[in-house]
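> There's a structure below that I have some questions on.
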Amino acid sequence: MIKIAKLLSKSPQQLKQTYLLNHKPQFQYGQVDRFLDRLQMPLYFYLIGINVGVYALWHFPAVDKNFMFKHFTLHPGSMSLRELHTFITYSFSHQNTLHLLFNMVTFYFFGRTIEAYFGSKRLLAIYMAGALVGGLMQQRQAGISLGASAACNALLTYYICNFPREIILLFFIPVPAWIVGLLILYQGWSGQGDGSGIGHDAHLGGCLAGLAFYFATRGKI
């Protein structure tokens, strides 16, 4: 816990420099790695910026809302209509301010830790995997879906698996990370089909993606 707190006390620029100094690329160093290494700030800054930018588009009067619904939301016909890009773009899309705020706060605290320890490429891969698996599972439900919740659940689950004894403030109550993990899994599983309008299938899919990523990358940098 002290090690994480010390690491995250650094500025975003220092975080990026620390990772690049301590994790020299050894295998499969390709174009994605080179692109991410050229970023002036940690990747999580840019991903938050994209989320905020898409939120602004939803509320900008000149932007066609039909365009936004077609390209930045998921619905049961997304796959059959070959709108496959929406399985990623929906995870950067928020209409509700509180929805955006909650997801971005979660992403900020856990995403930056993952990036500092495991690198920008790992952060991006988990975000995308959570969005994709969550989106596929959400196809079982009627209605539209949008938001970064599945991607954030993937990152949160991956964090918990790597740091199960860290303390997380759950509604300002200090709780061991592994207990939070059990709670989000239970919520995703028990909430399916409850008619609340919450994307529990997507949330559960994000958790499963984070769990799968942990076992696939355990012990690897």
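Using N, Cα and C of the backbone, Cβ positions are placed for all residues, glycine too.
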> Quick one: sort out which of 65-83, 141-159, 198-216 is the transmembrane segment according to TrEMBL.
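Of the candidate stretches, TrEMBL labels 198-216 as transmembrane segment.
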> Mean pLDDT, the domain 'Peptidase S54 rhomboid' (82-217)?
89
> What is the number of residues in the domain 'Peptidase S54 rhomboid' (82-217) that are helix, strand and coil, as DSSP sees it?
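Secondary-structure composition of the domain 'Peptidase S54 rhomboid' (82-217): 94 helix, 9 strand, 33 coil.
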